Amino acid sequence: MTINPDSITSSSDDNNNNNNLRRRRGSGGGGGGGDKSVDDVTELDSSSVDALSSSDDLTSDVRDGSGNRGLDKVSEAVSTTVGKISDGDGVQEEQRKANETTPLKYVYRASAPAHRRNKESPLSSAAIFKQSHAGLLNLCIVVLIAVNSRLIIENLMKYGLLIGSGFWSSSTSVRDWPLLMCCLSLPIFPLAAFLVEKMAQKKYMTEHVVVTLHIVITTASILYPVLVILRCDSAFLSGVTLMMFACIVWMKLVSYAHTNYDMRQLAKSVDEGENSEINYSYNVCFKSLAYFMVAPTLCYQVGSVDLSEVLSYPRSTSIRKGWLARQLIKLLIFTGLMGFIIEQYINPIVRSSQHPFEGNLLYAIERVLKLSVPILYVWLCMFYSLFHLWLNILAEVLRFGDREFYKDWWNAKTIDEYWRLWNMPVHKWMVRHIYFPCLRNGIPKGVAMVISFFISAVFHELCIAVPCRLFKFWAFLGIMFQIPLVILTNFLQNKFKNSNVGNMTFWCLFCIVGQPMCVLLYYHDVMNRNGSSS
């Protein structure tokens, strides 16, 4: 075994350390032939070894004390103890014996300098990101739980349990079976798209006919649920759920049609002699489509032609049943927490408020700020339940390997960066099927970004306005308003060169103001519509 003496003492002590180490080993490891006084000095406990090996100040003190025989013994002690730990024979017994014989009087002398180099305070701007702040995060979590527990108890003592039917459900919810039947019949559209692609593969139809049929199928897949919801007096939550499923099916069908179209174009270029180095084959497989329609992704990939199993996506080796059960329990807990916050806090505040654009401005601001905290909690619980728990549960059941459903959006410095990190399945779909196709067709980047936000705004409006049966375009305008916010936050980030400015601007504009305002606008418009109709 070799050790580096420079990490403990100066180079002049090399021979002494080696002789001491050999003498220590020759004594039989504490057995009867060694010098007992040396053994007493050389036995150090593990905490002293860690202190000597990890502290810059401590090792410097030992270096400064050259010429002191006691420090030579400390050096010998460290060498011997490290040798015993590295050898691994009787380590636990030696450490227990060493606890009583630690020579602390040789370790840190009063004459040794305590300050040797420039150092920053841990919370200063120059050093704040160089160490972990997990303890402060734990403190914030403990304080958050304590404060909100007190508020929950105070609310329950003052108002009682307010959970019941209301805006999210109604007496007509028992008649929501048409929405359920509509949701169960949505697989008809992927089946129709598969038949179109199968006929296109066998060249039974021209390319223009194939594209036209795909446009008809994708359009019908989104109009069909819209018509069912508008004709049925269904609950708001049932309508939102159906519209989200319909939007997911629409995006998957677009990806399926676009990917297969691109595959046909590549196959045609290979047949014509272009890109001949590509080993390419085009095949339409029903199992690939079936797996894609239930997989937690919006981007279609084609499996291997020779294998019956879908292998186009990265796959995990097995299903972790214990882990899956824990995630399901967490999903139930956080779903119940969302329902409790909505019924106990958000609904009473919304019902007792006025329309934000009608009445006293200061009162509207107070209502928005009062709503911001519970809505933020619901939004965070929704993110954790949907993007972390549900999508991971679905991926685990299907052994879907790519679990990057989100990135660190909470560190976003600009609105643009937030949208790139928040919802990775939708972001990948937008980049693959909207943004880069626009760039390849000569559309400028700014216009391509506007087109992407426009499509996102349309579907946000459909998911909220259709279940409310009210088209005021608040959600549409809210998403389109992100474009000037992207410009503003990019300007602030470039001007101040500080990530905190952009991050705080994002949190204030998006969570503290935007979401509560949207909730108030839609609620009062729905109530006004119901009042006028009655």
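Even glycines carry a Cβ here, placed using N, Cα and C.
Now, the feature entries from TrEMBL:
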ACT_SITE  HIS460  active site
COMPBIAS  1-20  compositional bias 'Low complexity'
COMPBIAS  44-57  compositional bias 'Low complexity'
COMPBIAS  60-73  compositional bias 'Basic and acidic residues'
REGION    1-73  region 'Disordered'
TRANSMEM  134-153  transmembrane segment
TRANSMEM  177-196  transmembrane segment
TRANSMEM  208-230  transmembrane segment
TRANSMEM  236-254  transmembrane segment
TRANSMEM  328-346  transmembrane segment
TRANSMEM  376-398  transmembrane segment
TRANSMEM  447-467  transmembrane segment
TRANSMEM  473-492  transmembrane segment
TRANSMEM  504-524  transmembrane segment
Beyond a gap of at least 6 residues from its ends, the CB atoms lying under 8 Å from the transmembrane segment (376-398) belong to 291, 294-296, 316, 319-320, 323-324, 327-328, 330-331, 334-335, 337-338, 341-342, 346, 405-406, 423, 425, 511-512, 515
Which residues in the same chain, at least 6 apart in sequence, have a Cβ under 8 Å from the Cβ of HIS460 (active site)?
ALA475, PHE476, GLY478, ILE479
Contact call for the transmembrane segment (208-230) against the transmembrane segment (504-524), three or more Cβ pairs under 8 Å
no
Maximum Cβ pairs under 8 Å to the transmembrane segment (177-196) - stretch from the list 236-254, 447-467, 504-524:
236-254
Sequence-distant residues near the transmembrane segment (236-254) by C-beta distance (under 8 Å, 6 or more away from its ends) are 167-169, 173, 176, 179, 182-183, 186, 189-190, 193, 214, 217-218, 221-222, 224-226, 228-229, 292-293, 298, 300, 426, 429, 433, 459, 462-464, 466-468
Residues sitting near the transmembrane segment (504-524): Cβ under 8 Å, six or more positions beyond its termini, same chain?
167, 346, 350, 353-357, 364, 367-369, 371-372, 375-376, 379, 412-415, 418, 464, 468, 470, 472, 474-475, 478, 485, 488-489, 492
